[in-house]
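Chemist: Sharing a structure with you now.
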């Protein structure tokens, strides 16, 4: 039997001797296949529920690029011109798009749903490996509660099915941590090949998102400290596996870019050496601790803190602190950057819940395993109800209602374009506020306001900023050289200012979509409005 950390387990209630042994698992948790089936079913439903807009990178750095690969048209943002993104992630969705095209399924419904359904498979794998990691560290009792925390957390429901590269990075992080011997209490009993798998997965995660090096440097140094064969680890494992994976990724990028591009190096130069990410906004150093990560954990926060203290699993709690600390040094901060350590924090929530469930049981002093289907004690019922009542409504609101207008408007325009009712589109709103060709799926002229960072002059306002500062003056000047689009899309906050301008240029309102109840980082954008040129 492998050594496990202190496992807060209890026996099931007294049962007749003719029943199954008390260490038997419930049907769902009796095999990893059934656990994966549960996770997959949950994430598929989860993916279908997500109908809102969260972060531009979900579309512009993944699906838009994939659409260009698969169909020959799609917009490449400035990041791809500077070579700071790898094609490894978008290629996955390009293959999906090709399959949809060959099957004749590239309809508006499939073009918007299929990528998230594909991501839901990856997310289910991540859920499974969180369960497996929790099981090898703490036992199956904690693993069940860790999985509950993972599936019930509002931010995981809201974010995990999306096509962000951070989500794939999170999945690879969970798989990698499971394979690294240094993470477990007794690393000597782990086959050597497990560490090689861990290295390969770490290299793959680094190829997709170079910032994942923050995680793997910590894990690698931990492994270097505990391993007995340091030279073998460095020269016969890290070096060859890293060179192989990164070399294959460079070959893919060479094929797609048309020239040799070292994406990790370019990424490092832009984001760390020149602080290029600060162009898109900065936060105080403590933001992740006081707002970002705490909001992601939400009501699971006290349970995660309790689980960290009770479990004394300092390796993984140290990883969370390491990641939050280093990301806090960078000026530009986003929720998704620290997503890879959110499941680890939720695993500690699972530990605290399992321990409370054990201590709340009348037979807690006896040894045994927790049957999750036995009646929960009253205190546990309260905690479960509290977590579900605070997380599920939040997840549903954020996934179904908040900021859905920019998704709905592109689905509407896609259907109109299929009926040949759209000739060209102008987006008079901040840049990257909607999906683009990957949702429209028609090769017709579209124009959005550029917001590429200026490499020549610092402090120069881009088109997007100039428009938001004075919409009327910008639109008046812009109209002097435009070729009138058949459709104009804008938020109601700017539409109120531009209504007379649009009417004077022979436009009329044709459709309005609800977007948000409250403002995010600008004025309230409660709806998205579509204007059409008279005669269309």
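From the backbone N, Cα and C atoms, a Cβ is placed for every residue, glycine too.
Any TrEMBL annotation is an automated prediction that lacks curation.
Pasting the feature list from TrEMBL:
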- 1-23: region 'Disordered' (REGION)
- 87-105: transmembrane segment (TRANSMEM)
- 197-219: transmembrane segment (TRANSMEM)
- 231-248: transmembrane segment (TRANSMEM)
- 285-309: transmembrane segment (TRANSMEM)
- 316-331: transmembrane segment (TRANSMEM)
- 337-354: transmembrane segment (TRANSMEM)
- 382-400: transmembrane segment (TRANSMEM)
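Give me the lay of the land around each of these features.
Modeler: If you look at the transmembrane segment (87-105), the same-chain residues 6 or more away from its ends with a CB under 8 A from one of its CBs are 61-63, 65-67, 69-71, 111, 114-115, 118, 163, 165, 168, 207-208, 249, 252-253, 256-257.
Nonlocal intrachain contacts for the transmembrane segment (197-219), taken as residues 6+ away from its ends with a CB within less than 8 angstroms of a stretch CB, comprise 86, 88-89, 165-166, 168-169, 172-173, 175-183, 237-238, 241-242, 244-246, 249, 263-264, 267-268, 271, 318-319, 322-323, 326-327, 337, 340-341.
Residues 149, 153-155, 317, 324, 327-329, 333-335, 338-339, 342, 345-353, 355, 383, 386-387, 390-391, 394 of the same chain lie 6+ residues outside the transmembrane segment (285-309) yet bring a C-beta within less than 8 angstroms of a C-beta in it.
Within its own chain, the transmembrane segment (382-400) is flanked in space by residues 49-52, 149, 152-155, 157-158, 298-300, 303, 353, 356, 376, which lie at least six positions past its ends and keep a Cβ under 8 Å from the stretch.
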